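Chemist: Pasting a structure below so you can have a look.
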Amino acid sequence: MEKVKPGWLRHKGTGHSHAAQEHEANSHKEHKDKGGRKSKWVEYIALATVPMVMVLGNSMLVPILPDLERQLGVSSFQSSLVITLFSVTAGVFIPVAGYLSDRLSRKAIIIPSLIVYGAAGIVAGLGAVWNSYTILIAARAVQGLGAAGTAPIAMALVGDMYKNGKESEALGMIEAANGTGKVISPILGSLFALIVWFAPFFAFPAFCALSLLAMMFLIKEPKHKDKPPTLHNYLKNIAQTFRKKGKWLIPAFIAGSLALFVLFGVLFFLSDLLEKPPYSIDGVAKGGILAIPLFGLVVTSYVTGRVIKNKGHLMRVLMNVGLLMMSASLTAAIWGLQNLYLLIGLLTLSSIGTGLLLPCINTLVTGSVDKAHRGMITSLYSSLRFLGVAFGPPIFGWLVEISKQVLFTTVAVLAAAALAFVFFMVKPPKVAGDNA
């Protein structure tokens, strides 16, 4: 009797039957894969709504700050606190939210945080209606508290849900959503303000409600298998993580924070430049121009997230190229300040560099630790990102008063320093992002 290899049949009848079974199995597998791909993108979009809502709740208010000053009779510094206090409060409480998400679950933090975030937005709007700066600014601080449990915890949730390169794809989508929020928020803020100046305060709670529903019904969080460690052991394990991986984690944290410090500082500078003579561009037109460098960030972040998967060597190349682009374009801007078109082009190149950098850092950070401690590590990283966002505009404002050349020289040097840090200290393994 002729021997056959396992899985192969020679007789015609059984061969036909086997072929039919194989065809049916392949059809079922193909259908399942298509369903899986569809489900995956639904999850990506649901997760991406969280950072987008967070950005809308802050950046959508930037165009109405001059109106807020006039209507409430406050100073420019007091109006800037509407943005800065939100970001600083979020930055301080993000590690607390990260710890709680490791103890409880990610959704147990994200869902209440979205509720607090949206409700405080309504209270801030009422403060504007009542011409009460005190109520408005207090509500913005509470909103920052709510924001602490949104996007940073969503990043940790991505690390829990996806592996084998899908994690970087999802994180790229989240970074792109973050950037998209930055692109559309000044335009949306300007459009809503055409109705009445305080309309943006009431608009983003509606977006918040959509994100809340998406998280509640479209995201299924993996279950915690192990009992959470005691606080003492938890902190001990976090400290051990930094002893083992701090050599590259800390430079990666700093590079991510610096990238957003530069991005938001540049947007503040460009916004101020466009409003003044000889340009005198304001409203929706100004929002459209500010969207140009942000569009570069969005597209690059999305493509980078899809390409890098868990390829450590590629991440290293893209991080260094991104920081090199930032350094070179910010240096060139020192001599391109007189030409608006050239300046916007250079700042767009810098934003593209940021889009190469951030998805790589996000993937490395979320994949650097196990699930039990991921919330805290990603939260510490997100805290530094928030502080970069918070201090970019005021420091850029202070430097530009000295001179524009001093401003761009300073940020070019900072970008070059970040490049040196990353080049010499952040060296991912061949397979990165799934190390935990």
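The backbone N, Cα and C atoms fix where each Cβ goes, and this holds for glycine too.
According to TrEMBL, the region 'Disordered' annotation covers 1-35. Look at TrEMBL and you will find 19-33 tagged as compositional bias 'Basic and acidic residues'. The transmembrane segment annotation in TrEMBL covers 41-61, 81-101, 108-129, 194-219, 248-271, 283-305, 317-335, 341-365, 377-400, 406-426. Here TrEMBL flags 43-430 as domain 'Major facilitator superfamily (MFS) profile'.
Could you place the listed features in the three-dimensional structure?
Modeler: In this model, the domain 'Major facilitator superfamily (MFS) profile' (43-430) carries an average pLDDT of 87.
Here the transmembrane segment (81-101) has long-range neighbours at 57-58, 61-62, 65, 68, 108-110, 113, 136-137, 140-141, 143-145, 147-149, 152-153, 156, 234, 375-380, 382-384, 386-387, 389-390, 393-394, meaning same-chain residues at least 6 beyond its ends whose C-beta is under 8 angstroms from one of its own.
Same-chain residues lying 6+ beyond the ends of the transmembrane segment (108-129) with a Cβ under 8 Å from its Cβ atoms: 50, 53-54, 57, 68, 71-72, 97, 100-101, 135-140, 142-143, 145-150, 153-154, 157, 197-198, 201-202, 204-205, 208-209, 211-212, 215-216.
Beyond the transmembrane segment (317-335), the same-chain residues lying 6 or more positions past its ends with a Cβ under 8 Å from any Cβ of the stretch are 255, 259, 262, 304, 308, 343, 346-347, 349-350, 352-357, 360-361, 405, 408-409, 411-412, 415-416, 418-419, 422-423, 426.
Outside the transmembrane segment (377-400) by six or more residues, the chain places 80, 83-84, 87-88, 90-92, 94-95, 97-99, 101, 151-153, 155-156, 159, 238, 241, 249, 252-254, 256-269, 272, 361, 365-366, 368-369, 406-407, 410-411 with a CB less than 8 A from a CB of the stretch.
Distant neighbours of the transmembrane segment (406-426): 247-248, 251-252, 254-255, 258-259, 261-262, 265-266, 269, 316, 319-320, 323-324, 326-327, 330-331, 333-334, 337, 364, 396, 399-400; these residues of the same chain sit at least 6 beyond its ends, with a Cβ under 8 Å from one of its Cβ atoms.
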